[in-house]
Structure formats: structure tokens, C-alpha cells
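Listed features, source TrEMBL:
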| type | residues | note |
| --- | --- | --- |
| DOMAIN | 57-505 | domain 'Major facilitator superfamily (MFS) profile' |
| TRANSMEM | 53-73 | transmembrane segment |
| TRANSMEM | 93-115 | transmembrane segment |
| TRANSMEM | 127-148 | transmembrane segment |
| TRANSMEM | 160-181 | transmembrane segment |
| TRANSMEM | 193-211 | transmembrane segment |
| TRANSMEM | 223-244 | transmembrane segment |
| TRANSMEM | 314-334 | transmembrane segment |
| TRANSMEM | 354-373 | transmembrane segment |
| TRANSMEM | 380-404 | transmembrane segment |
| TRANSMEM | 419-441 | transmembrane segment |
| TRANSMEM | 453-471 | transmembrane segment |
| TRANSMEM | 483-501 | transmembrane segment |
Amino acid sequence: MSTIMEKDIHATQEEIAMDEKEGKTIKAITGSEAFAEAYEKEPPHYFNAASIYLYYCCFVAFCCSTANGYDGSLLNNLFINPVWKDFFHGSNAGIWAGIVTSLYQIGSVSALPAVGPVIDNLGRKGGMFTGAAIIIIGAVIQGCTVRIDNYLTATYVFGAGRFFLGFGVAIAASAGPMYVVEVVQPALRGRAGGLYNTFWFVGSIVASGAGRGGLNMAGNKSWLIPVWLQLLFAGIIVTSIWIMPESPRWNYVHGKQQACKDFLVKYHGNGNPDSVWVALQLHEYEEHLELDGSDKRWWDYRALFRDRASRYRIGVNVMVSLWGQWAGNAVLSYYLSAVLDTVGITDKFDQQNIALGIACASFVVAVIGASLTDRLGRRFLLLFGMTGCATIWVGVTVASALFAQSNKTNTSAAKATQALIYIFSIIYSFSITPLQALYPVEVLSFEMRAKGMAFSNLAVAAGGLLNQFAWPVSLEKIGWRTYIIFSIWCFIQAGTIYLYCPETKNQTLEELDEIFKSKNPRKASTQKKKIALDEYANVVHVL
């Protein structure tokens, strides 16, 4: 058993110096000393059979993000398709584009009352299944619009399908990251949780590839194939969920303590019931998880606002969720075609190739960023991302202005804008993308997590609604001046992140409780400590 669980081991500078003279190992850490001790005593087994199977389960959960990425990128590709626009009598900018796109976000907002109760009562697996099933319904509705002769009716039905997609994605995209963060070995939480959202780009790449391939097809097949492919990732979820283990935390608070322990022994303890990781997590579950918390009552949201720590948690959760939508990335996700039009790149194949190239480059750098979340830390990535995005938008503003002032003849400015769009996507994907699903889940306690993630999705959807209605009109009316707004706002977002966001690396989810109960969670989370380890890797002193 950990010495940290048994007694107070905090020490003075003199005691640490004495430990060093006696030959004890001294390490500087940020985060939890209990976590550091467990890691030193029992380095995790990453590639045994149980761990590999758990990675497969995480991959199925990643498909929630992939489905989100596919659905979120689909319209961007359809806006490039002239057959699709002719069928619905639509355009890639203006009110029509905003309405069709925003129905996805309206569906997400409408799902808010359902997200918490579904995930809390049916489990993390049940939440993923329910969301995926609704996504399938939405895809079928969209695919059937081709049989409707009246374009207005077809538009309404297509919009209804978008609504169901948004509703289903809101549930699945809340349950998916919760499942990953709660089942993965604590030492892998940052990397696995970061990888979750990088799979958004897998969906985006498939959507871009399907859209690019569709342009070579005649008639409505050019847009129907990308629409029907929305079934792919949701189908993987609904067929695989039955063979996956449930979250040990969900099992614990629902009276299935033995199932919880069996999971920890098998997947985190390498089959050893005396594993330090098993003991550490069970101890924390007993101390921090409530068997009769408000998560058992679908109507009870008091846990989100009960005390200062809870309000701080939900505030940071909503802020980071919203800031991730307001960095200007939504314009490149949904209205890349209109953005490229402003710099003279109007050929449909050129636009589709650029969209596909951005998606591929973004995925690669997002995976790299996810692999570094524990090394660089969440705060560094968030701050680097927002300041980097702000700087790039300044460049895009200047280049686009030069192109416009040249009466659209300055090809150098057009190429510079194209290059800066790529750089923006790389910076955003490296730093912000891995944290969009990971960080909002981490900052919530178990009792808050399902309902809190509903608020996170509400923030994402509400931010998306502004994106859907404001930016297409803004691009149409004021063109490149839209980018000035992004430049200023990203700097503001960076400032709020610096002031309020705590670091969550090197802590178990339950250990973060102490961080948020402190007077200043940001300072408490970044405080450096020294630990003294004896020959058995027990922590004997902490400074």
C-alpha cells in the first residue's frame, strides 16, 4: 500500500536535503505524489493482451469523434458540389447556407436535457449506443431526400436529418470521451483522451475523400454516396458496443463494486489484485465517488453549482468548450469554399483538394499533439494554440486585404492566404484539437461529469450557432474584414486561459478534487514539488 495513503509525509527543505545526503532518490514533479509513486513502483504494462483489447474498445469510442468529424465536415464538401446545390437550389454562403448548417447545432442544443440522464442511467456504453442509433436515423432521412421532387420539401427533410444527426452526435460525443478517460490506465489518460478528438479528422478525411470522389460521378450519386457514408462509423459503434466493458467508475457507483475491481485488476493491474494501481484507484473511488450522488437523479443539476469548486469546474469546462469553437476554425470547417472564393480560388476540384489536404495534415499534427499532452501539459498547449491562431489570423487579414485591394489580381497574396490557412489548421490541430474532448471531461468530478458534458456540448452547439448564422453573412457582406474579429478574439481567449485554466496532467481524476478546492486552482495545479523515494520507490517525503 502507498505510504501516501497511510500518513502525512510532507517535509521541510532541510528534511529533503537530509534525504538527498542519505542517498534517497529526489525527483521534481508537478501533479500528484501518489500518482508519481505508483508510476515509479509499477510502470504500466502498455502492450499486454488486456491492454491491447482495451485499446480496441477505445477505438470504438473514438468512432464517436469520427462520426462527429464526418458529419461536421460533410456540408463543407457538399457546398463545393454544384449538383447538390442545384438539387436544393442553395448556395455556399448567405442565409440559406447558415440555416441548413445550423440545424445540426440546433439538434445538439435540443439534446441537452437527454445527455446527462442517458449517460448516467444507461452507462457510458449505453450513451454511445443511443447517440449512434440516432445518427443512423438522421443519415437515413437525409439519404431519402433524393426521392422528393419539390426542392423546398427536400430541403426541409434534409434539414430534419441534420437535426437528428446533431442530436445523436451530442449524446455520442459526450459519452465517448467519458468512456475513454474513465477506462484507460491513468498514466495513459492524457494521450488516449487526446487521441479521441484527433479521430475527428479521420471522419473529416473520409468526408473530403468521398466528396472529392463524388465530383467525378454524374447526377445525384455525387452527393448521395457521401451522405450514406454517415452510416459507417455509427454502425461500428452499435455493432461493437456489446463486447466492451463498462466504465469501472460507473459500475462502482451503481453497486457493482466487484465488477469495478475485476476491471481494474484485469486492465490496469496486469492481472494482479495487489497492484498498486488497483489499490490507488479503489482507495480514491471509496473516498471521492458518491453512491447516492445527484448523477442518480436525472432532474438534479445541483452538483454543477453546489459550491465554489463545482462552479469553477463547470466554468472552466464551458469556457474551454466554447473557446475551441470561436478561434475561427469553424469558418474553415464549414465555409472553406466561401473563404477560398474571397482569394480567387473558385475551381471546385482545387477547393476539394485543399480541403482534403488540410484534413490530412491536421490529422497528422493532431496525433503528434495528443502524444505530447502529458509532456507539454494542457495549459501550454491551450496557450500556444490560441496565441498562434491569433497571430495567423493577423496574417490572413493582411494577405486577404492586399488581394481585395488589388482588384483580385495579386496572386502572391492569394497564395499567402492559402498557406496561412494550412498553418492555422496545423497550429489549431496540434494544440487545441487533442484537448477539446479531454480537458472538459478531466475538469469535472464523476458526479458532475455526464450532466457537465451536456453543458459542454451546449456551449459547443451555442458557439456553433453563432458560427453558422454570423460568419456566412459576414463573409458575404464584409469579406476579409471578418478575420479581424478572429485576430482580436483569439488573444482575449488566450488571456482568460492563462488566468483561469488549471493544469491536469500527472493527476488521477479523483486527485483533481484537491486542486479545485484550493483558493487558486491555477496556481495549485502548477506548483512544483520535490519528492524523496526510498529503495522500494515509496514516497517518504514531499516538499
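Placement of Cβ uses the backbone N, Cα and C atoms for every residue, glycine included.
When the stretches 53-73, 160-181, 223-244, 380-404 are ranked by Cβ pairs under 8 Å to the transmembrane segment (193-211), first place goes to 53-73. Among the stretches 53-73, 160-181, 314-334, 380-404, the one making the largest number of Cβ pairs under 8 Å with the transmembrane segment (453-471) is 314-334.
With a cut-off of 8 Å on Cβ pairs spaced 6 or more residues apart, the transmembrane segment (223-244) and the transmembrane segment (483-501) reach fewer than 3 such pairs and are scored as not touching. Ranking 160-181, 380-404, 483-501 by CB pairs under 8 A with the transmembrane segment (314-334) puts 483-501 at the top.
Counting Cβ pairs closer than 8 Å to the transmembrane segment (93-115), the top stretch among 53-73, 160-181, 380-404, 483-501 is 160-181. Residues 57-58, 61-65, 67-68, 71, 100-101, 103-112, 114-115, 118-119, 124-128, 130-143, 145, 189, 192-193, 196-197, 230, 234, 237, 247, 437-438, 440-442, 449-450, 453-454, 456-457, 461, 509 of the same chain lie 6+ residues outside the transmembrane segment (160-181) yet bring a C-beta within less than 8 angstroms of a C-beta in it. Per-residue pLDDT, averaged over the domain 'Major facilitator superfamily (MFS) profile' (57-505), rounds to 88.
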